[in-house]
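All remarks here apply to the structure that follows.
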Amino acid sequence: MAVSARDYWDLTKPKVVALIVFTALVGMFLAIPDMPTWLQVRTGALGFLGIWLAASAAAAINQLLDAKIDAQMARTSWRPLVVGKVRPWQVLVFAGVLIVISMTILVVWVNVITAVLTFASLIGYAVIYTVYLKRATSQNIVIGGLAGATPPMLGWAAVTGLPTSADWINASLLVLIIFIWTPPHFWALAIFRRADYAKAAIPMLPVTHGVPHTRKQILVYTVLLAIVTLAPVAVGMSGMFYLGGAAVLNAVFLWYAWRMLNPPDELFSMKMFGYSIVYLMALFAFLMVDHLLLPWVR
């Protein structure tokens, strides 16, 4: 049976990758203090493409290495490799082609530092997290979350090359936001899917330490997140428009985290999971709008 374009598309986890590359795009915009030059637009577009292809390759490799686990979980049992729509060698070739194209674009037309950081992130997620951390520790998503948090830095690097310490610091603050956001985001899902994780012998926190402990950890990380999101204002990267938007988003996220301690029903954790996605997209949208369209409110 021939492999369809949709099957290859599904291998890339398009919804997950869309959020990843959006934060990379915001990193690009924040890195440029004024209107971008034509060269910056061209470099940014190529950087965006390279980062997107690398993230897609990482997603495909993750599905290749996790096929046995995915087959045991209701949430992932439909994936193309699990149901036999694609063969493992086809996934490997597909991912390899994406990596080669991505690295060629980044090295030749963007810059080496972006290529190196992007490749390191790919290895961090597709290999270190998927092969080792996911199966080894209940802190898998905390430690492994660093690889998934780097896209804003990758975007920043694409248009600047990270030439100064200020560039590294500002880009790192954006990475820190996603890094702290990842545990409450993923643990909310893990609470709802804990039976699947237990069946697949994946030591997610709700499986190893119980749901009440996980709910408390979600609250702790959500409080930390609310604090960390003040950093762009503290360093002068963003202004009052972003601060106001972040305050509203954080208030709702904190309410969800507090309510999670005694949720009204089993589905509440999925509601928090859904909001966490909206939260991150909106937070980075506020960063971008504040930077591009509302300089007068700073």
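Including glycine, each Cβ sits where the backbone N, Cα and C put it.
Listed in Swiss-Prot:
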{"type": "TRANSMEM", "residues": "16-36", "note": "transmembrane segment"}
{"type": "TRANSMEM", "residues": "45-65", "note": "transmembrane segment"}
{"type": "TRANSMEM", "residues": "93-113", "note": "transmembrane segment"}
{"type": "TRANSMEM", "residues": "114-134", "note": "transmembrane segment"}
{"type": "TRANSMEM", "residues": "141-161", "note": "transmembrane segment"}
{"type": "TRANSMEM", "residues": "172-192", "note": "transmembrane segment"}
{"type": "TRANSMEM", "residues": "218-238", "note": "transmembrane segment"}
{"type": "TRANSMEM", "residues": "241-261", "note": "transmembrane segment"}
{"type": "TRANSMEM", "residues": "277-297", "note": "transmembrane segment"}
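Between the transmembrane segment (93-113) and the transmembrane segment (141-161) there are at least 3 Cβ pairs closer than 8 Å, counting only pairs 6 or more residues apart in sequence, which means the two stretches are in contact. Remote same-chain partners of the transmembrane segment (241-261), defined as residues 6 or more beyond its termini with a Cβ less than 8 Å from a stretch Cβ, comprise 184, 188, 215-216, 218-219, 222-223, 225-226, 229-230, 232-233, 268-269, 271-272, 275-276, 279, 282-283, 286-287, 289-290, 294, 297. Sequence-distant contacts of the transmembrane segment (141-161) (same chain, at least 6 residues past either end, Cβ-Cβ under 8 Å): 20-21, 23-28, 30-32, 36, 40, 43-44, 46-48, 50-51, 55, 106, 110-111, 113-114, 117-118, 120-125, 128-129, 133-134, 167, 170-172, 174-179, 182-183, 186-187, 190, 204-205, 284.
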